[in-house]
Structure formats: structure tokens, C-alpha cells
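Quick look at what TrEMBL lists:
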- 26-279: domain 'D-isomer specific 2-hydroxyacid dehydrogenase catalytic' (DOMAIN)
- SER45, THR66: substrate binding site (BINDING)
- 111-256: domain 'D-isomer specific 2-hydroxyacid dehydrogenase NAD-binding' (DOMAIN)
- ASP146, ASP232, GLY257: NAD(+) binding site (BINDING)
- ARG208: active site (ACT_SITE)
- GLU237: active site (ACT_SITE)
- HIS254: active site, proton donor (ACT_SITE)
- 291-366: domain 'Erythronate-4-phosphate dehydrogenase dimerisation' (DOMAIN)
Amino acid sequence: MKIIADNTVPYLKGIAEPFAEVLYLNSKEFNTEKVKDADALIVRSIDKCNRKLLEGSKVKLITTATIGFDHIDTKYCAEAGITWKNAPGCNAISVAQYVLASIVAISLHKNESLNGKTIGIIGVGHVGKEVEKLCTAYGMKVLRNDPPREEAEGRAEFVSLDTIAQKADIITIHVPLTKEGRFATRHLADEEFFNKLKRNPWFINSCRGAVHDTQALLQAKRENKISELVIDCWENEPDIDRELLEEAIIATPHIAGFSADGKANGTRTCLENIGKFFHITIEKIGEVTPPAPQNTIIDLNRFSTQSRIEQAILASFNPTVVDKALREAPDKFEWFRTNYNHPREFRAYTVINATPEERHLLLSLGFNSK
Ligand SMILES: NC(=O)c1ccc[n+]([C@@H]2O[C@H](COP(=O)([O-])OP(=O)(O)OC[C@H]3O[C@@H](n4cnc5c(N)ncnc54)[C@H](O)[C@@H]3O)[C@@H](O)[C@H]2O)c1
Ligand SMILES: O=C(O)[C@H](O)[C@H](O)COP(=O)(O)O
């Protein structure tokens with residue numbers, strides 16, 4: 001069988017070769033001619049899988065190493081008899097840790113405790129649930145908005161978008177990008193939404209850029225309806241809005257889900273999908289693992305007596321590092337994504353010299369601690 005894989009999917013090379021001919025292409029090289037005799041495609045969010053690419057090909061399966069699948073024309077796939085699969089949850093913990101690290105960095109910068117703040121989570125699926133876990137452990141109050149889940153599960157656990165707008169100190173969005181249907185999310189955060197904000201919240205978009213309306217967001221920030229902005233996902237990536245970059249306190253090149261753990265999960269899921277679909281046992285799948293961090297120990301005694309947990313979080317992943325790089329060279333948006341030094345998630349670290357109280361929090365955040 002023949003697989004065509006994006007050559008920037010990490011930890012993939014050598015794993016499928018024992019059972020398939022594998023051709024690695026960069027995103028720009030994916031074209032009709034190249035994919036026409038492939039049985040399966042392994043893709044990323046930057047690889048548009050639509051009629052133009054697929055018509056006339058013998059592709060049977062598209063598997064994307066991502067949670068989002070707005071780059072796959074699912075209607076066309078249904079029409080053409082092409083099965084597609086994503087990797088649900090693969091990098092959910094990574095995104096949640098990105099959100100926590102970002103708000104921790106802002107809280108240190110502003111000298112404002114997160115404890116007691118209310119975070120409004122819009123979209124409470126794989127990512128939103130992980131954000132909720134971390135923020136609850138951190139002593140924050142959580143408001144959850146998810147109309148599709150509310151409709152299926154009842155109202156008790158959920159609030160309206162208006163309630164989020166009125167009551168949240170921090171708003172973070174974790175919905176898929178959808179352009180049609182009752183729950184369409186394109187420009188969900190628009191002028192009407194921003195006009196309802198009451199508490200000058202911090203606003204975070206680490207799902208898809210088109211879920212906010214850039215002009216409305218800029219206006220809301222300039223009118224101080226939003227006090228701080230964290231942007232990982234942008235409209236029109238990689239050609240990002242430079243004014244929004246200026247306004248954001250943390251601006252990153254769509255890397256919230258880029259932990260090494262999340263990337264390995266995404267790759268492994270793609271291989272599992274191929275295995276199931278074509279009835280193949282993939283002997284080397286166990287080799288798809290993230291590398292250990294250079295130093296697995298975080299010693300709290302290194303840090304000043306205040307904010308030791310916050311410093312431990314930022315020692316494992318600090319969004320301000322990639323923020324600085326992006327500001328210096330916003331044209332290199334995609335380059336930063338391809339050449340990213342994937343951090344490990346909290347679970348790869350053991351934090352030492354914690355007090356019993358600190359240890360309790362560290363364990364609930366997902367660190368090891370002794
Ligand atoms: N920045 C990154 O690196 C990164 C990483 C992972 C995921 N993402 C994005 O985040 C999105 C969410 O990921 P997930 O794993 O939580 O997906 P998911 O499908 O598990 O959850 C999405 C949730 O959003 C809810 N939802 C749908 N429409 C809604 C609406 N109009 N209002 C409120 N809620 C709505 C759904 O009911 C669901 O519970 C992905 O689709 C992807 O686009 C980005
Ligand atoms: O949808 C997802 O999983 C994320 O947005 C993910 O970070 C996209 O990663 P990419 O395919 O662009 O490497």
C-alpha cells in the first residue's frame with residue numbers, strides 16, 4: 001500500500017515503512033498528481049483535503065494528526081467514499097497547560113492572584129474539560145458554555161454565552177470551527193458578544209482564529225472591554241494581523257497543542273487508524289513516544305518563596321519565549337511551527353522540595369512530586 005504523509009508530522013519516519021511505501025511531502029507539495037495513487041494520507045491542519053486535491057485519486061483514508069478537522073472537506077469525502085479520521089483529545093492536555101501557563105504568566109505580570117477569579121469556558125469538550133480541571137485545581141471558579149452539550153445533557157451544568165460575557169474575569173474558547181448549522185462558531189466572538197462584556201476580562205483564543213472577528217476583537221481591546229489578550233490561533237494564518245499582534249500580551253504561532261506528548265498521540269492515532277482500516281498490525285507503533293526532557297526535575301527551592309508553583313509551571317513551558325520570537329519575526333509564523341522545540345507536558349516532570357500543600361496542588365495539575 002502507499003501512504004503519503006506530511007513530512008513535518010513528528011515521530012512518524014520509519015514506523016510505517018515495514019508495511020507500506022511512504023512518500024513524505026511538505027504541505028506545498030500535496031497536489032492531485034502526487035496523491036492520485038495513494039491509499040492513505042497522513043496530514044496536518046495546514047494540508048487542505050478537498051475536491052481539488054482528491055478528485056480522481058484512489059485515496060481511501062485520510063487521517064489527520066490533529067483534533068481539528070476544518071481542513072478536511074467532509075462533505076466531499078462522504079460523496080467520494082473517502083473515510084476521514086481525526087485524533088480526538090490528542091493534544092487536549094497540551095492546550096489546557098498552555099492556557100494555564102498563559103494566565104499564570106499574566107497574573108505574575110499584573111501581580112493579581114488567579115485564586116477566586118472566574119473563568120468562562122466556551123466549548124467544554126476534550127480541551128475545555130482539561131482547562132476546567134486545571135483551573136478548578138488552581139482555585140478558580142468555572143462557568144461552562146456548550147449549547148450542543150446542554151441540549152444533549154440538560155441545563156444544570158451550563159450557562160449562556162451572555163452569562164459568560166457578564167460574569168467571567170477570563171474567557172477562553174475551545175470550540176471547533178464550523179461555518180454552518182445551529183451551533184456554527186465562525187465569528188462566535190463578534191462585536192455583539194464583546195459589547196456584552198462586563199468585567200474587562202482577559203480573552204484567550206487557542207482554538208481557531210476565525211472563531212473571533214479580528215476587527216471586533218481589536219476594537220474591544222482598544223476600548224478596554226477586554227483587558228488582556230492571549231492569541232494562539234489567528235484569522236488567515238500564517239498571514240496574521242499585525243495590529244492584533246501588538247495588542248496581545250501573549251501571541252503565539254498556533255502551538256498551544258504542540259507538546260511532544262500531544263504530537264506523539266496524534267501520530268500514534270493516525271497509525272492506529274491506518275491499522276484498523278487496512279487490517280494491518282503495526283509492529284513499531286510502540287516506538288512513537290515523546291523524548292524525555294533534558295532535566296526531569298524541577299526543584300522548588302530554586303525559586304523565590306512566593307509563587308513557587310507558578311514558577312514551576314513556567315519552568316516546564318513558558319509561552320512568553322515563543323511570543324518574543326514571533327514578535328521579532330511574524331513573517332516566520334509557519335517556520336516557528338515547523339521548527340518548534342516541542343515541550344513535554346507536566347507529567348514528564350517531578351517537582352521536588354514541595355510542602356504538603358504545594359504537593360497536593362502539583363499532583364492535581366498533573367506533575368509528579370515528592
Ligand atoms: N491551538 C491548538 O493547537 C489546538 C489544539 C487542539 C485543538 N484546537 C482546536 O480546539 C477545538 C476544540 O477541541 P476539543 O478537543 O475540545 O474538541 P471537542 O470536539 O472535544 O469539543 C468541542 C466542544 O465544543 C462544543 N461546541 C460546538 N459548538 C459550540 C458552540 N457554538 N458554542 C459552544 N460550544 C460549542 C461541542 O459541543 C464540544 O463539546 C478543535 O476543534 C480545534 O480546532 C486547537
Ligand atoms: O487541531 C489541532 O489538533 C491543533 O490545532 C493542532 O495544534 C494543529 O497542529 P498542526 O496540524 O498544524 O501541526
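If you go along the chain as it appears here, the first residue is 1 and each next one adds 1.
Placed from the backbone N, Cα and C atoms, the Cβ positions cover glycine too.
TrEMBL entries are annotated by machine, without manual review.
Feature map: annotations from TrEMBL on the structure.
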residue : record                    : Cβ neighbours (10 Å)
SER45   : substrate binding site    : 23
THR66   : substrate binding site    : 26
ASP146  : NAD(+) binding site       : 22
ARG208  : active site               : 24
ASP232  : NAD(+) binding site       : 27
GLU237  : active site               : 17
HIS254  : active site, proton donor : 23
GLY257  : NAD(+) binding site       : 26
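In terms of C-alpha distance, the listed recorded positions SER45, THR66, ARG208, GLU237 place THR66 closest to GLY257 (NAD(+) binding site).
Proximity of the recorded positions ASP146, ARG208, ASP232, GLU237 to ligand 2, judged by a Cβ distance under 6 angstroms to any of its atoms, singles out none of them. The subset of recorded positions (SER45, THR66, ARG208, HIS254) lying with their Cα within 10 Å of the Cα of ASP232 (NAD(+) binding site) consists of ARG208, HIS254, given in sequence order.
Proximity of the recorded positions (SER45, THR66, ARG208, ASP232, GLU237, GLY257) to ligand 1: a Cβ under 6 Å from the molecule is found for ARG208, ASP232, GLY257. Under DSSP, the residues of the domain 'Erythronate-4-phosphate dehydrogenase dimerisation' (291-366) split into helix, strand and coil as follows: 44 helix, 6 strand, 26 coil. On a Cα basis, HIS254 (active site, proton donor) lies 12 Å away from THR66 (substrate binding site).
On the 0 to 100 pLDDT scale, the domain 'D-isomer specific 2-hydroxyacid dehydrogenase catalytic' (26-279) averages 98 in this prediction. Across the annotated binding residues for NAD(+) (ASP146, ASP232, GLY257), the two most widely spaced Cα atoms sit 21 Å apart.
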